[in-house]
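**Q** For 19-402, the entry in TrEMBL reads domain 'Major facilitator superfamily (MFS) profile'. Summarising the annotation, TrEMBL assigns transmembrane segment to 26-49, 61-81, 88-108, 114-136, 143-166, 172-194, 227-246, 258-280, 292-308, 314-339, 351-373, 379-398.
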Amino acid sequence: MDAATSPTPGSKIRAGTPAFRRATGAMFAAGFATFAALYCVQPLLPVFAQEFGLSPASSSLSLSVSTGILAVAMLGASFVSDIFGRKATMVAALAVSGVLTVALAGAGDWSQVLVLRALTGFALSGLPAVSIAYLADEMDRSAMGAAVGLTIAGNSIGGMGGRLLVSALADLWSWRVAIGVTGALCLVCALVFWRALPPSRHFTRVTPSLRGLLHAFGRHLADPGMLLLFTEGFLLMGGFVTLYNYVGFRLVAPPFGLSQTVVGFVFLVYVFGTISSALMGRLADRYGRRQALWASIGLMLAGLALTWPDNLPVLVLGIAVFTFGFFAAHSVASSWVGLRAEAARAQASSLYLLAYYMGSSVAGAVGGAFWSAAGWPGVAGMVAGLGVMALLVAVALARTPPPAWMR
């Protein structure tokens, strides 16, 4: 367990030091493993549908159950880390999720797949909020931005690399080999994280207060602006995951007929999201968050329109533009939550992430019914509806006055 000591502000980790390199390297590995384990099943949805005799909506549950459990369990992760320590909680989360992903390779039927994926989501809930809490505890303020940025970069590359690796290995051998290798890679990342992450020096164990936690949640839920931002997270992530869940079905079917490996390469457009999240953050600071959010959602809708024709280059371009817009919008909305919260910012971020991942679970599963009923036009229509609602929420948000403490 982490050693709990009294805070000594002068000894916090500064950028450029060996401790900073160790901590950010460890967080990069954790971010990579988290998104690799969480999203490794997404390119396999058509494979699951064929092997287990499922509808597209049913196969999407392999992702939806994980993100749904993750969203809810994450609210209590801070309780666990307050008792056992930040590092111990994160190491356990990475190790257990890696073991569960390896076990998934041997699942005998669909019910076992869903149980293992639900447990994986529960295990991974120990990472998102706790990692930010560790960095806030241990990093000097001047190093915080760079440390968080490298963690998010690990998320992006893990999501992209995990999907690409799984697609290629599933083509060469089988989905079971692909998942097993991914799980083994996650265990390696857990080992790197455990060895590299400096022990906590500024964390003090406290007795969690359920009353205090509920008060913080209630305070944020009573703010109309926060409710709009939480709704925005639900709509944005719902549209994003729905598009990525079912574009694989479209690409492996006529007229494209692509292999799983080639479909995996489509996920390379994630790199545009890595670029846009940083770029739009700077533009939001310069021109305002309202305008940045409107522009980002507009890009999502423009990219979605480009996915309509049966033209592969135009389709991939559309996915790239949509991805650029999504990550930009998510960056603006999530940072807006932190700025609007006067206190209990961790709880505000947890509520935003709850809505964000619930959007993934709910819309991602519902999208399967639209695919079965109307193919890609049905999916695109659903995502367009979510995008239009997100734009309306952004307009309402612009008209919502700031809380009293910001006036």
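The count begins at 1 with the first shown residue.
A Cβ is built for glycine as well, from the same backbone N, Cα and C atoms used for every other residue.
Curation plays no part in TrEMBL annotations; they are all automatic predictions.
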**Q** Between the transmembrane segment (227-246) and the stretches 26-49, 172-194, 292-308, 379-398, work out which stretch tops the count of Cβ pairs under 8 Å.
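**A** Highest pair count goes to 379-398.
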**Q** For the transmembrane segment (26-49), which recorded stretch in the set 88-108, 114-136, 292-308, 314-339 gives the largest number of Cβ pairs separated by under 8 Å?
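**A** Ranked by Cβ pairs under 8 Å, first place goes to 114-136.
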**Q** Over the span of the domain 'Major facilitator superfamily (MFS) profile' (19-402), how high is the average pLDDT in this prediction?
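**A** Overall, the domain 'Major facilitator superfamily (MFS) profile' (19-402) comes to a mean pLDDT of 89.
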